[in-house]
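Before any comments, here is the structure.
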Amino acid sequence: LVLELNQVIIPTYGTVPDQQNLHTPEWVDFDDKPDSLFFKDGQRRIDFVLVYEDESKKMTHRRSDRKKQKRKRQVYESNLINNGLQLEATRSVLDEKLIFVKVHAPWEVLCTYAEVMHIKLPLQHNDLKTRKSAFNWFSRLFRVDENIIKPEQEFFTAPFQKDHLSNFYIQDKDTFFNPATRSRIVHFILSRVEYATKNNVKKFGINKLLDTGIYKAAFPLHDSSFRHLSTDPSCPSERYLLYREWAHPKNIFKLQPLDFIRKYYGEKIGIYFAWLGFYTNMLTVAAVVGVGCFLYGYLTKDNCTWSQEVCDPNIGGNIIMCPQCDRACTYWNLTITCESSKKLCIFDSYGTLVFAVFMGIWVTFFLEFWKRRQAELEYEWDTVEYLEQEEQVRPEYEARCTHIVMNEITQQEEHVPYTACGKCVRMTFCTSAIFFWILLIIASVVGIIVYRLSVFLAFSSKLSQHVNGTEALRKYLTPQTATSVTASLISFVVIMILNIIYEKVAILITDFELPRTQTDYENSLTTKMFLFQFVNYYSSCFYIAFFKGKFVGHPGSPVYWLGKYRNEECDPGGCLLELTTQLAIIVGGKAIWNNIQEVLVPLVKNLIGRYSAAARSEKVVPRWEHDYHLQPIGKLGLFYEYLEMVIQFGFVTLFVASFPLAPLLALINNMLEIRLDAWKLTTQFRRMVPQKAQDIGAWQPILQGIAILAVVTNALIIAFTSDMIPRLVYYWSFSVPPYGSHSTHTMEGYINSTLSVFNISDFKNESKPSSPWLGKQTTCRQVYRDLRYPPGHQHQYEHNIYYWHVIAAKLAFIIVMEHVIYFVKFIISYVIPDVSEKTKSKVKREKYLTQKLLHENDLKDVKKTIGKIADKIIKGADSTFRRKDE
């Protein structure tokens, strides 16, 4: 490829031409055809548009700077013409300072660069018979009407070669290269044409010109308005069709026209929406099972024995709980947690265990079937053997290339921005900065924990609890509930603020790191952003799930944070309900915030631009000027959309054991997300430069890593956060002799057996409640299930045998659950091939046809040539022999 580029492109650079040798675009006036996609002659299609501000009318730069900018632009446009592109310039209708340069690539240029870029183009129709699915009749109900958007014809394709032009399926030269391919080829040329030479270093590429402000914009055209069909009868109005049949909210339950999306926007956009649609469809199964588990818990909550004991006045009503903080808190009655225990029964049920195992297997099916689907798309969209072109160096990188080093491969001198020592210093600084900001995120989590500890004292004093308190408010608004809800809301606000800060920080660190190419830049930024987001979003959930209430000591010897704040305790039923509350607030709030932000920001910007333009003029505006006033897509493209979905994927899988409704919320969000992203692309943003992409890139290994981690986190949540294992141990071992007094296995007596007893007289002075105890009882119970020997026992306040049985059962459960799910995941991965047999057959058939049509024709040409040479030799020999005979 490099040799081809040298042969085709590099010779066209040459030296920067003199002023009198510059080629200039053809200047024309707007022809009052607002929907035209052609030059003024109506024959040459506009493949790209460049926009600049007339240097003579600029007031923001010095005159010498304006001259330099004008010179660079003129040289650049002249070299574009030297490369075979045709340019036509038109002044803006609304702003006379703006100039629009329309670019057209003739047939010869398209053919030349299609071969250089190894673009696959049709050879012949696909003659393999496709098997219709048994569910084809059902899926037809959700597909786009084929009379409106016709299915794309299937072709066998091969990398284009000019020498074999006759072998390709060419019906019309004007339509052989579709608009997306034409724009991609033109952008390839725009990115590699020179505009200046400084210190023997060539400056080239449209991206650098955009960064320096010489051009204000560069984009391919939308083919029509999204509101109505084009007035040009030759225009297919694909943008209008995409809006009507894909982006409009009425299509929320319809399947996406992926081939049509790929045709208009390119493979990179197509693969994102294919992945998002596939993920959403798979979420349907998870959501149904999750709702089923939730309903099971809801319907069986009234049969929850331990919750009944908490609410029973004769059982829970007689259990006095120890204070949950020093001095300010008082004793309280267990029945005050009756309502929260009923809610906990919904989520802490056997259905949750089943759902956690199901999700561990579901995520494997999702990733494996996505690989198959991705392989199908790679074949259908001609990216199976896609060769990545040698990527252009980023302007920021090249601008700092001041050091000269010897290239070990070419043995030639080349410019680099830093020495080996300088690179080590940069990497050390960047790594240190990343760890510093991650520690800052953890510090914010510690701040929330300190808030929990301190505000609990305030709630305990304000919401004073008495043993005989029966007010309805106290049943629902306990100090634990008030602390949990307010802390979750504050945590959500902090998370959203930190997101804004860390986005800028990650970009600054990556800019300082100075990656060489745009792909290197995006991969580096992806790693940093995901790392920041992972810690930011999930740290509070990890704290509640695995640390809160685990290291608290006992009433006579509590554990303190920072020597001042008494460590948090969980509700008597555990921290699972609090984790559920945290997830519901973050997942729901994040979805609402992101969707509002994605809709409002581009909409408001475009409305402001539209109204300011309308105030200046009521003239007919051409298509290229309409598109210019839309929002640019940004250098990172769909990076933030992927990041949003991957973070959501983490919530759906990592903590699903505590919140089985997470897949349902994600499903609803994604159904809206697909249409919102489609609406943004078709109505609010300029058309993106179509780009090739084989897969979802660096996000695939991130998803696989989350899937592996999810098995561990859900096993730990069920074992250590929920109360399921202690209940099972009690039911099977400690409810019957020798440890229990019941004749059969039962959950009766569970509450009384698991809440440890503490003697009030054993309180230390600094922990003793300030309000005196008015009852006759001399003992209280620990809030959490710490399972200790009672006072008076020879090992009083030490962990009893029940505790060690529970610990052993928890560890055994984690090991068994992990190994079972990992084994099933391995079997599924082995059984389901990454590429289906149907796709393999198509790939083999295409390779066979390519070899037959292209390579065998070469052999035929060689044979013909050799035959002609042989005939000439034979004729020459015959004439020689005849002369001798004569």
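Each residue, glycine too, has its Cβ placed from N, Cα and C.
In TrEMBL this protein carries:
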DOMAIN    38-258  domain 'Anoctamin dimerisation'
DOMAIN    261-846  domain 'Anoctamin transmembrane'
TRANSMEM  272-299  transmembrane segment
TRANSMEM  350-370  transmembrane segment
TRANSMEM  433-453  transmembrane segment
TRANSMEM  485-509  transmembrane segment
TRANSMEM  530-547  transmembrane segment
TRANSMEM  645-668  transmembrane segment
TRANSMEM  696-720  transmembrane segment
TRANSMEM  801-824  transmembrane segment
Q | Cβ contacts the transmembrane segment (645-668)/the transmembrane segment (272-299), at least three under 8 Å, sequence gap 6 or more | A | yes
Q: Would you kindly check 350-370, 433-453, 530-547, 696-720 and say which stretch has the most C-beta pairs under 8 angstroms to the transmembrane segment (485-509)?
A: 433-453
Q) For the transmembrane segment (350-370), which partner among 272-299, 433-453, 696-720, 801-824 gives the most CB pairs under 8 Å? A) 272-299
**Q.** Mean of the pLDDT scores, which run from 0 to 100, over the domain 'Anoctamin dimerisation' (38-258)
**A.** 86
